[in-house]
């Protein structure tokens, strides 16, 4: 997936998020969860959105899907263009028709994302009943077909079973099957493998990547696991305090990060050749979203912070160097220094 | 509720642990290599299919449910066909027999008007069961619809409804009954049922609202929304089946109290009125003869006590079966 795919790169943007701002009004004040996120994904392309808890990656996804809880959430400004159409200008009814058929979402915990009182067949079939007006019988047949497709053994027998009768990996396959049911052009997977065993993680990721290729879908993969990202993503967007701090082709970012935060994340990965040494950790805590530090939000934790970082918000500037073919951006005043290491 | 075949059904007799192992074993055989085995499990290792089949399995093994269920079944049958076990007419009274004790053919004796107490006690079941069942259905329906919508949509509708329920909670039931029902002249059970629904729905509404709010926050509701389900579909298919259990529990227990309330209101003279035959009316009439002829009070009061107890026991058993925290 990480190799250049000229067809995908030339394709028009399937989804484009422009300057999105989301805030939550709570009793204690206004939490600015998303502060000007910009990213896009083309058909057949995988964008990995990376970040800690509270970095705004899931909130952005919910805003795209239109499942943000409003109130307390509020989209204060921005555009979300899906196939050229601004979703934020659509009526709720029109958005509902896009959900499931045009774009679908896979959630982190498949057990809690499946209704415990309905059989998996009913839940899979519901996609066809809701969006295609199929009869229950036809929908059931489709459900079996889908379960076969995500390689659940003995699909015909298991279609009548309930979610708790499946293992974690099988449940996530069912979630994937539900999301794929209507062959949407965009899938958002919110930490799809976090709740799974490492061995199962790889299987589920492979399945997801394979189905993506087959259906030429755009995939937004939200994760905090750098290991998952390396194999499947084309582009990585790193988020911090509701902003994109770095956006780069996957192999470039691993070679040399252009933002101190990305660098810290990469250095925090445990490595076999570091046996016996202390594990690196980014010092400090993520900022309180009700009180984001002025200037660069990362400055209190940044080893390279200068005076300018405490006053000026760094723009998401274009990063250029010899040998770089695709677009790369970093929101650091000192990306050149960071790149050099 | 679809009831699919249950391979572990046979293992129930051997208690939960054995059944769970059987299920785990059958599950493991269908897993792909590398997948961690084991069912998600619903509590104490019961070989569960779903909340409902699980609850039914629990109920069938609960002696409290069996006893109360049989009593209630009996009550329902005699309120449908009272003449099957009482050949007399409850309104066929002979003053010459007034206050007489038990005699052949009249095991419970006679009341102050010379009516056969046994016949009246049997026929009285109909009024009690009708009031109890209809009031409960009305309360459950009205309360869960209003409360469920308030919980689901929230906002202004929720705020208004919550204040209205507060107002209704502040009305003392007996005082409200005395005021409202004293102006009713109808001889049927409907004004009493209507009054109970009017004062009873806020209780269920509050519970339905709470459990819908809880169910609404479940990930699968969010997931259904993300896959394009409409509000009505989310509410009916995903939220309602997962939120209805507490409503059923409270409604079952409330049924007993409605029967007692009917007797209370009838005793006070504002509930059912003669010639309707009701335990409350008979208790009221008998209370003035309690020293001379206690049998007149004991039989209808005993029947009332057993009925109320049976419904409350049933409610308890249902609650034990439906509340996963008690497993």
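Our numbering is plain: 1 for the first residue shown, then up by one each step along the chain.
Every residue, even glycine, has its Cβ placed from backbone N, Cα and C.
Per TrEMBL, the listed range annotated as transmembrane segment is B:129-152 (candidates: B:129-152, B:201-224, B:273-296).
For the transmembrane segment (B:129-152), the neighbouring stretch richest in Cβ pairs under 8 Å, chosen from B:64-81, B:243-261, B:297-318, is B:243-261.
Distant neighbours of the transmembrane segment (B:64-81): 122, 125-126, 128-130, 306-307, 309-311, 313-314, 316-318, 321; these residues of the same chain sit at least 6 beyond its ends, with a Cβ under 8 Å from one of its Cβ atoms. Nonlocal intrachain contacts for the transmembrane segment (B:297-318), taken as residues 6+ away from its ends with a CB within less than 8 angstroms of a stretch CB, comprise 55, 59, 62, 64-65, 67-69, 71-72, 75, 108, 117-118, 120-121, 124-125, 128-129, 132, 248-250, 252-257, 259-260, 263, 279-280, 282-283, 286-287, 289-290.
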